[in-house]
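Undergrad: One structure follows; several queries about it will come next.
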Amino acid sequence: MPSSLPGSQVPHPTLDAVDLVERTPRNEGTSSSAPVLEEGNTDPWTLPQLKDTSQPWKELRVAGRLRRVAGSVLKACGLLGSLYFFICSLDVLSSAFQLLGSKLAGDIFKDNVVLSNPVAGLVIGVLVTALVQSSSTSSSIVVSMVAAKLLTVRASVPIIMGVNVGTSITSTLVSMAQSGDRDEFQRAFSGSAVHGIFNWLTVLVLLPLESATALLERLSELALGAASLTPGAQAPDILKVLTKPLTHLIVQLDSDMIMSSATGNATNSSLIKHWCGTTGQPTQENSSDCGAFGPCTEKNSTAPADRLPCRHLFVGTELTDLAVGCILLAGSLLVLCGCLVLIVKLLNSVLRGRVAQVVRTVINADFPFPLGWLGGYLAVLAGAGLTFALQSSSVFTAAVVPLMGVGVISLDRAYPLLLGSNIGTTTTALLAALASPADRMLSALQVALIHFFFNLAGILLWYLVPALRLPIPLARHFGVVTARYRWVAGVYLLLGFLLLPLAAFGLSLAGGMVLAAVGGPLVGLVLLVILVTVLQRRRPAWLPVRLRSWAWLPVWLHSLEPWDRLVTRCCPCNICSPPKATTKEAHCYENPEILASQQL
């Protein structure tokens, strides 16, 4: 906005002087004397006011009304169908990652020497969850090892923390589908980043505290001692009922083989399930052999000839698990990206004008004073309840991120929803632990309680006091940087979920002293830089004159511009260049800046 001149002498530019040409500015800090109607200069955190250009309902004839109703029905069916195939693709993607990395995950979990180091346990939890794309699978492996006495409860606590961090990679991958539009990508990536930042901040506080005091372990023991436990029913599985008819036609995995790889009883058999039942007429066969497709039997067993084969695409295939996993990975990613793009397009088409305003008002509504604080806590409960009903935190977070991208859910409201999702996935694990066998129930419950207390402590730390809701401003700033330099999102994925965890894991193999000697100074340097940067913006007078800015450092150490030029030059077809702003029409009768400056 141009500043006002003294003496109320406001210039009145003509319409020809107003710049309405689409531009993509490289430097956001530059200002212009003319109002520029482009997406980069609008507030990306507000709902885009998409004008509904359709003809009013009263002016339509019968044929026009029928066409509009048919179009609305088709859009609703397309949105529900895209969401269904998106959920199915997430399930198939999880199966693909399990085929590619479950045996490796089992080998990693079996190394007790490494797991005795809390940092190594945390890194293993992050890597394995990012590898198999399923926090439930990682938690099940930990529960099986604790129940089999191969892993102590104390050693499992850092792994559970890592599992909580690794599961946030799904929402980050989902946000990449909206990278074509700058403002949408900024909102969507901030929503995915706030989840990961919350988990990492909670780990940074609770991991040292747990290593020193075993707080979560003791709390879980007290909770188990105070409760009278009886085995319950299996947790409801609403999504599986809906997706099984399709996903089981594509591939089915043998979950017992994944557990066997964790407990050290793995064989070279495939994880792909080939037998799904029997004819119901067992033959008398006195055998004590343990088959690869089911539990050992000491009495009568069913002969292989009486088994019923499964019905999916890869039953009886000669391909290896690695080949099948690669095929499923490519196919599921293709379907997932296609469904996400279609969902975003349909949401942009449906959420226009008054409809968008009503939806945003309902979701982001706050109670009147003095109960304004109650809306956030109700959002936490809503996130927990929806995640419990969906039986998947990944599906819930992957549904919230596109809604943030199109501007329906604000970052301040998405934050408590995602926190509630963390709580909801732990309550599901608690009910599933109650359905465990009697010899494993206590161990399963203790691990599930540790997961619950970890997320509850994170909410108490980073949400209870409004001044300590640090993930929101950090994610907001991170989203601004990522929207300007799109390649930062890929660097964040590689560093946060692969390279840095692998480096920490390698240092932990060399011993705790080496890890402390190398990692300690690096962590201290990062914290010092963060502290100085905050003081530069808030209290510069507290710093020496030289430290009040980073201008004395080389440009590549305090600016991303040199790195952006390098990455943009190396990327083919300009895929790493910033997304262009969307062209918007401007008319004098609907532009408030022009209305204020013209003598009409």
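Any Cβ shown, glycine's included, is placed from N, Cα and C.
As annotated in TrEMBL:
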| type | residues | note |
| --- | --- | --- |
| REGION | 25-50 | region 'Disordered' |
| TRANSMEM | 83-101 | transmembrane segment |
| TRANSMEM | 113-135 | transmembrane segment |
| TRANSMEM | 155-176 | transmembrane segment |
| TRANSMEM | 188-209 | transmembrane segment |
| TRANSMEM | 322-347 | transmembrane segment |
| TRANSMEM | 367-388 | transmembrane segment |
| TRANSMEM | 394-411 | transmembrane segment |
| TRANSMEM | 418-438 | transmembrane segment |
| TRANSMEM | 444-465 | transmembrane segment |
| TRANSMEM | 485-507 | transmembrane segment |
| TRANSMEM | 513-535 | transmembrane segment |
Undergrad: Is it the case that the transmembrane segment (394-411) and the transmembrane segment (485-507) touch, counting contact as three or more CB pairs under 8 Å in which the residues of each pair are 6 or more positions apart?
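TA: Taking Cβ pairs at least 6 residues apart, the transmembrane segment (485-507) and the transmembrane segment (394-411) are not in contact, as fewer than 3 fall under 8 Å.
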Undergrad: Is the count of Cβ pairs under 8 Å between the transmembrane segment (188-209) and the transmembrane segment (322-347), pairs 6 or more apart in sequence, 3 or more?
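TA: These two stretches do not touch.
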Undergrad: When you scan the chain for residues with a C-beta under 8 Å from the transmembrane segment (513-535), skipping those not six or more beyond its ends, what do you find?
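TA: Sequence-remote neighbours of the transmembrane segment (513-535) are 117, 119, 504, 507, 542-543, 547.
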Undergrad: So, does the transmembrane segment (444-465) come close enough to the transmembrane segment (322-347) to give 3+ Cβ pairs below 8 Å, pairs being at least 6 apart in sequence?
TA: no
Undergrad: Residue list, the transmembrane segment (155-176) vs rest of chain: Cβ under 8 Å, 6 or more residues beyond ends.
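TA: Tertiary neighbours of the transmembrane segment (155-176) are 90, 109, 112, 115-116, 118-130, 133, 135, 138-139, 142, 145-146, 185, 188-189, 191-193, 195-196, 199-200, 202-203, 206-207, 210, 214, 216-217, 340, 393-394, 397-398, 400-402, 405, 422, 425, 447, 450-451, 454-455, 489, 492-493, 497.
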